[in-house]
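Here the structure comes first, spelled out in structure tokens, and everything after it is commentary.
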């Protein structure tokens with residue numbers, strides 16, 4: 001399975017706090033404040049879009065208020081206007097609001113024409129989502145027929161984002177069998193409608209009833225459930241908010257637990273209202289007695305980036321070449337990472353602070369070089385972090401307000417006075433990114449990142465892991481076009497002996513290549529450096545800085561697409577290689593990797609979930625090899641293979657988000673996380689995919705008793721997607737979390753197998769049941785479980801609530817496979833009536849070798865459907881005599897009703913006028 005394996009490639013996580021979310025949303029007396037809606041820089045300037053956003057939120061607020069029994073409404077919203085739009089007096093500079101922490105992103109569809117609203121969800125049921133996505137055409141009302149009013153859709157997506165709800169429809173399986181009946185996947189079950197198919201042939205289409213498959217007993221995939229125009233049922237918003245009568249979430253009383261949808265699968269059959277009721281929002285509010293006010297809006301426009309480096313030069317920075325490594329990382333940031341046009345200042349500190357450079361705008365190489373000369377070269381003195389921060393505020397205020405500015409704070413020392421400036425930090429409106437260097441950095445350091453929405457990173461003293469350079473490489477702007485951001489392609493290090501070589505390759509794909517930099521560092525003597533481009537041409541021109549112990553090559557123009565080859569030779573020292581680049585075009589989105597953990601504190605024995613999102617614009621990158629390297633404060637590392645398989649820690653298969661549980665704690669303290677991503681080489685292929693967490697696309701709607709069909713919904717075809725993917729490698733930088741409550745070795749086994757979330761069941765033959773699922777491990781999704789317990793019941797709630805009392809299946813011959821493997825098990829139900837029309841529910845529990853049990857799996861369902869026997873053929877020398885009568889409803893018109901006796905497939909219809 002490769003869960004724990006060594007890798008020389010490392011990709012640092014770009015840590016966007018998650019549950020740990022960087023979101024600024026907070027609840028204040030029933031009203032949601034701090035909502036950030038960002039307009040993507042690639043959206044053409046259109047002032048009406050701002051009004052459309054306001055209209056959507058204004059419509060959504062009372063709908064949300066009534067749907068939550070007068071408990072929640074939208075109080076204020078900040079709209080981020082792109083920097084490349086015209087400035088206006090009413091546009092203010094943001095404070096902590098950035099594109100990185102935006103809750104809603106308005107962007108052009110990718111691929112074109114796919115305007116489905118959706119929410120990115122990485123976590124479990126009840127865990128907050130990441131971000132809502134809308135397109136300009138959707139906000140302009142051009143998709144009303146497909147999705148319904150924009151305000152209602154916003155509430156549907158808000159429920160994904162804020163409360164971790166899932167959809168109550170299912171595009172992959174629209175119908176299911178229950179008690180011999182075919183039922184649509186819907187909630188509530190009382191929503192009325194018709195099961196029909198839009199049959200098109202020869203350029204014309206006709207609405208026809210769905211036909212039952214004689215083998216499966218279900219309707220064909222093209223069959224659709226079209227809700228009636230007039231409804232009385234009020235639930236549920238997570239099924240179809242577009243139905244006029246739907247104004248509520250499903251409750252325990254009207255929730256359809258049998259429907260095979262994501263809400264039932266991910267939330268253990270709980271209704272959406274039950275999940276909302278368990279949320280922190282619900283627990284700390286009571287219903288309002290008056291109507292809420294309308295939302296208020298602030299318009300914020302991104303301006304030039306303002307950054308001040310605040311760098312520790314205390315005596316402890318002389319340990320283990322820390323100051324030299326800081327200079328190397330600082331040079332990468334100043335020469336490459338920080339964007340053109342940015343303003344950069346620098347402060348150093350020990351027990352006092354020293355201004356090394358006032359704010360200086362990056363206009364070209366001269367400015368970058370000048371700033372590198374201000375980096376510290378001597379370490380001495382104590383540690384006063386607040387002195388450094390206060391000095392940085394002063395540097396910034398000499399030219400700009402501190403609102404929305406950024407401070408990069410690096411320290412390796414302890415400082416028990418850091419909390420004395422917390423209030424000043426909060427009032428400043430500045431975003432603080434923290435870099436903890438070594439094992440003794442101030443324990444409260446990360447609080448500065450948390451309170452301001454900055455990145456928190458940790459770099460150990462293990463130079464070969466390149467952690468400090470990766471941390472500074474992560475500090476690209478949280479705003480602006482992604483085409484301007486620095487992207488790490490490779491980050492690698494190695495300790496060499498006896499004239500050994502460090503050999504390898506770097507893939508420069510077609511989405512990057514501008515401003516490409518090769519950076520090499522060493523700890524003793526300059527190594528021999530050999531580099532060839534994809535055509536085999538040797539590259540010269542490395543700038544060698546022996547004082548800083550680094551060399552770098554800036555590739556002119558756009559680097560050649562293909563595989564670059566390098567060889568580095570040295571003896572008895574550590575080398576590192578970092579390669580960065582920028583997008584090759586402003587119109588072609590680059591492949592990007594961002595990542596996060598689900599918590600900033602890992603409290604043993606609770607696992608930490610590591611996520612990596614790999615996308616090109618709005619399209620997911622599939623079948624990539626993604627590896628996370630997790631380094632503890634004592635230098636030990638664990639390697640995880642992250643997976644996009646929809647099992648274990650991974651919420652959704654094939655969404656470009658790769659996930660895995662981390663359980664291998666070995667000590668308390670900080671852990672850094674690094675990930676390597678390699679893709680586009682051995683990609684598999686399968687059918688088309690659609691957004692899993694989006695509003696339902698209406699196939700059609702009833703109007704005046706007639707069905708009006710919408711165009712078929714656009715789908716992402718994985719075949720097309722993979723054919724366009726090219727080989728690539730990526731690194732992205734800088735995340736950490738803090739572990740606590742880790743016992744001394746030997747660490748006891750307190751981790752159970754993870755929950756099975758992808759159990760599927762189907763009938764095999766006349767009476768066998770075929771089960772498939774992804775194997776959990778001994779410790780969550782690592783190792784191998786000891787055994788499985790499978791139980792069945794004809795009552796779905798009994799199986800959920802009384803699992804141990806339900807009938808157990810004989811699994812003597814079922815031996816668990818290694819975690820992440822596919823399991824298949826076929827059995828014949830015994831000691832239970834299993835006949836035509838029987839609905840049977842199945843669930844699994846995994847148990848490890850010390851008898852720790854997983855949570856009960858999702859519940860799978862099978863319905864035994866025995867096709868009716870085909871009647872024997874009988875000779876029919878002549879047509880039978882039908883039963884007939886004639887009715888006259890309108891003078892002059894007679895309708896002959898003909899009732900034929902059984903003639904197999906013969907159907908006749910006669911109309912006379």
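Keep in mind that glycine also has a Cβ here, set from the backbone N, Cα and C atoms.
Here Swiss-Prot flags 157 as active site. According to Swiss-Prot, the Zn(2+) binding site annotation covers 156, 160, 167. Per Swiss-Prot, domain 'VWFA' is recorded for 306-475. Taken from Swiss-Prot, the feature N-linked glycosylation site applies to 503, 514, 770, 804, 810, 836, 885. If you look up Swiss-Prot, you'll see 46-199 marked as region 'Metalloprotease domain'. The signal peptide feature in Swiss-Prot is assigned to 1-21; the stated evidence is sequence analysis.
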Determine, to the nearest whole angstrom, how far the Cα atom of the residue listed as 'active site' is from the Cα atom of residue 770 (N-linked glycosylation site).
35
Given residue 514 (N-linked glycosylation site) and residue 503 (N-linked glycosylation site), what distance in Å do their CA atoms have, once rounded to a whole number?
24
Give the helix, strand or coil assignment DSSP yields for residue 160 (Zn(2+) binding site).
helix
Any idea what the model's mean pLDDT is for the domain 'VWFA' (306-475)?
96
Does anything in the same chain, at least 6 positions from residue 503 (N-linked glycosylation site), have a Cβ under 8 Å from its Cβ, and if so what?
565, 566, 567, 568
Rounded to the nearest Å - Cα separation of residue 770 (N-linked glycosylation site) and residue 810 (N-linked glycosylation site):
14
Round to a whole number and give the Cα-to-Cα distance in Å for the pair residue 804 (N-linked glycosylation site) and residue 167 (Zn(2+) binding site).
29
Under a three-state reading of DSSP, tell me whether residue 514 (N-linked glycosylation site) is helix, strand or coil.
strand
Helix, strand or coil by DSSP: which one applies to residue 804 (N-linked glycosylation site)?
helix
Identify all same-chain residues not among 156, 160, 167 whose C-beta atom falls within 8 angstroms of the centroid of the Zn(2+) site's C-beta atoms; report them in sequence order.
119, 157, 159, 165, 166, 238, 693, 694, 695
My understanding is the cutoff is Cβ-Cβ under 8 Å with a sequence separation of 6 or more in the same chain; which residues meet that for residue 156 (Zn(2+) binding site)?
117, 237, 238, 241, 695
I want to verify one value. Collapsing DSSP to three states, which class is residue 167 (Zn(2+) binding site)?
coil
Among all protein chains shown, how many Cβ atoms are found within 10 Å of the Cβ of residue 167 (Zn(2+) binding site), not counting that one?
26
Below 8 Å Cβ to Cβ and six or more residues apart, same chain only. Which residues does that give for residue 836 (N-linked glycosylation site)?
180, 864, 865, 866
Residue 167 (Zn(2+) binding site) to residue 810 (N-linked glycosylation site): how many Å between their Cα atoms?
34
